[in-house]
Amino acid sequence: MYHVIKGLVLTESQCWDPDSERSYQDLFDKLDTNKDGKVDVAELRAGITAMGMSFRRGAAEKIVSSGDENKDGGLDFNEFNKYLKEHEKKLRLTFKSLDKNNDGRLPYHILLHKARYCYYLLCDLISCLCSMDIDGTMMVDWNEWRDHFLFNPAHNLNEIIRYWKHSSVLDIGESIAIPDEFTEEEKISGGWWKQLSAGAMAGAVSRTGTAPLDRVKVFMQVHSSKSNRVTLLGGFKQMIKEGGMASLWRGNGVNVLKIAPETAIKFMAYEQYKKLLTPEGGKVQTHQRFMAGSLAGATAQSSIYPMEMMKTRLTLGKTGQYNGMFDCAKKILRKEGIKAFYKGYTPNMIGIIPYAGIDLAVYESLKNAWLSRYAKDTANPGILVLLGCGTISSTCGQLASYPLALLRTRMQAQATLEVSDKSTMTGLMKGIMANEGFFGLYRGILPNFMKVIPAVSLSYVVYEYMKTGLGISK
């Protein structure tokens, strides 16, 4: 490709310089055959083919749709220039992630090793290695790599996907974030289930470590009001006085137990929803991730919601009231019927949308800002950046969805309170606003925020240890 561009696009006195805007301008002028200031799909396909370059099926369409910011069906020079520069930066990140010894060359065996789990990927790679390796050294250098893939949109950016997982890695007690992406290699080799298992164990340790703060949060959500103000310290004193130190972990068992089924259901549902919402062979866009993730979260929450209900009842229960999870389930079923297991279901489902949407939007914005500014040789952000981005995005999501979480908890707890009026979601919200004001919807937010940093720190440390134990490569 290098020699084709040099011979057909540029004058003999010029050298192809990918960083030169003049070079991109000359290439654009060559492709813009009708001189209307735009390169459409037909012009791009015809021009690249005429230069002797191979195109993947649908590549021209993907390039135009990815770079066409004003949606006029073609790329003007600014859009064309921006697309090529951004795409080249992503190619460099991928190349650097494969170039382990930093000598600027990729031996064939490294590339073939990466594709060993997928027959079709292996065949495709073997067929294009010869066209990449222009000088016949059995090595692919950066220029050959860039020149081959510059006009072939990347199917997945494995390095970015691998390093920027956060919903599997960081657990703050809520399981409604958009699921993480996994590379094709991770899916085919079975690495995905190891990572989910590591995440589940990390979540179990994290939730156990922050269970006292979670219990006092629920206690304040249900019992605190203007007339009966419950402080953080006062809540701890009441719980310890009633049931001793061990009571601070009441309800934690079922909270940990629901991690595994919820994680598995959400991941499987997410993959299926992505297939339904994404055109065959197309790249998953952010809005499609949001829709698929929200639907997957709703599916998983619907499946395990009775456990969520029991967790609230056990957390609020007094000493001797319930003899474990099964006793709690039997008493709820006998006294209130099967519908009681889905009290608070509506605000819980509605709460998925603001939490998942804001968490995804903030995290993607922070990730893209870091990648565009600081990613030079690798997409690995390091521990502090990853924890910081995950903490900020999760906190923003919690702020938006917290009033709905409070309504859910109060509806779940209504049968345990000495009140004759069992309010609906809207009735309960109106009552809180009338009696306590807007900030009444944020009762218990302090312990909820206090548990974020220890929760993400614990979950990350345990996740890394579990990855080592399960043999997951870095």
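Including glycine, each Cβ sits where the backbone N, Cα and C put it.
Per TrEMBL, the feature domain 'EF-hand' maps to 19-54 (among others).
The annotation domain 'EF-hand' is assigned in TrEMBL to 55-90 (among others).
Annotation comment: TrEMBL describes 190-276 (among others) as repeat 'Solcar'.
Along the repeat 'Solcar' (284-369), the predicted structure has mean pLDDT 89. The feature repeat 'Solcar' is assigned by TrEMBL to 284-369 (among others).
As a summary of secondary structure, the repeat 'Solcar' (381-469) carries 75 helix, 0 strand, 14 coil according to DSSP. The repeat 'Solcar' feature in TrEMBL is assigned to 381-469 (among others).
The DSSP breakdown of the repeat 'Solcar' (190-276) into helical (H, G, I), extended (E, B) and coil residues amounts to 73 helix, 0 strand, 14 coil.
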